[in-house]
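Okay, structure first, notes after.
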Amino acid sequence: SKLAALFEHPLYNIPVPEVTEKDKLFVVNPMEKFSLRSSGSDEWVSSSKVETLLPTGKTAYDTYPIWLKFHVGINRYELYPRRDPLMPTLLQDLATQRIISSVQKSGGTQLKLIMTFPNYGQALFKPMKQTRDQETPIDFFYFSDFERHNAEIAAFHLDRILDFRRIPPVSGRLVNITKEIRDITTDKKLAKTFFISPAGNICFYGECSYYCSTEHALCGKPDRLEGSMAALLPDKTLAKRRSWRSPWRRSYHKSKKAEWELNPNYCAQVRETPPYDRGHRLLDLIDMTVLDFLMGNMDRHHYETFEKFGNDTFLLHLDNGRGFGTHSRDELSILAPLQQCCSIKKSTYLRLQLLATQPYLLSDLLREALATDPLAPILAEPHLRALDRRLGKVLAVVGRCLAR
């Protein structure tokens, strides 16, 4: 396994700072346990209602469902550890856990569903909208592009290979529209949008700003539909998140340009603006820029951080569905923060150099990682080849900066 060899490499074993209690998102109550309601049941209840006797040597943490262990593990420095023993089980749960509730997620421009599991875990479901080999039409504006389920899956694995670990775990899943959405939804608005197509397939379209109409309905074959299942982050009432407008946000207008597109010295004023005037926030944003360029995502208007950790923490790389839309063109404007600031973390640069060489070619590593997903193949081969080409362009930009 090239992936296993990569994670053994010294560049992937740089220790994170020691995590103290104040660096953890949650402080665990050692007395709070979870127990199965009955033998053979997959439903969980809190032990504040049920007296639980733990087997010898077991801690309360051992009784937690896997999604809760994921939440408890989040800290100031990483969303999940490099060698996370929970990850295979968490991804399997996202792909196989019984769905007991499906409702439409409010807000956003396109239809997304929140799925709930018997153990109180939840996932964000983005349905399949186009096939693997369809490219975004060249005349489409970035803000009217589809969100792709396979892009969410590929982005999670790419983020992990780059050692950022800032995207919540995502798995592909084949969902039964009838049994796992229509028959169990309590969302009346969503329920009204189901119909049977002339071909006899079950379809629905929900309510949203774009692409929620009969003409853009999501249809099963006859009721099977692919989608991505992303583990939800802790509820915002328990762990507040702050949303930050990206300084390199696009204009989201058909003809207007943003300031950074007109001013080549734009980075100088960003460097003087909090929170980019101290710490590693600007470098973290440039990490995100590299990720976005590699997958061709032009839609990074905001990013989020956990409020508890202030400005000294990682950026969450959420909403990656508009990545991997094109493989035949590279959008160099995505790299504007790197080009204008001429700054990058040394550790990121060294890993990018490593991923451009055998036996650690980025395309090979992502191909191997994606082969384990239930919906494999996730990306068409031209998208994987484009990664190596784009990585070469990132290294060339850094090379020019170093020469200057």
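Backbone N, Cα and C atoms are what each Cβ position is placed from, and that goes for glycine too.
Copied over from TrEMBL:
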- D299: active site (ACT_SITE)
- Q110, K126, E147, A230, A231, L232, L233, E304, D319: ATP binding site (BINDING)
- E147, D319: Mn(2+) binding site (BINDING)
- 194-403: domain 'FAM20 C-terminal' (DOMAIN)
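Note on the domain 'FAM20 C-terminal' (194-403): mean pLDDT across this stretch is 95.
Taking a C-beta cut-off of under 8 angstroms and a sequence separation of 6 or more, A231 (ATP binding site) has the following same-chain neighbours: W67, F70, L90, L94, G121, A123, P168, P169, V170. Binding-site extent for ATP: residues Q110, K126, E147, A230, A231, L232, L233, E304, D319, maximum pairwise Cα distance 20 Å (rounded to the nearest whole number).
Between the recorded positions E147, D299, D319, the minimum number of other C-beta atoms within 10 Å of a residue's C-beta occurs at D299. Here the CA atom of D299 (active site) lies 9 Å from the CA atom of D319 (ATP binding site).
With a cut-off of 8 Å between CB atoms and residues at least 6 apart in sequence, the same chain places H71, P168, A239, R241, L316 near L233 (ATP binding site), listed in sequence order. Less than 8 angstroms from the CB of Q110 (ATP binding site) sit K129, F146, E147, C208, S209, Y210, Y211, C212, G321, each of them six or more residues away in the same chain.
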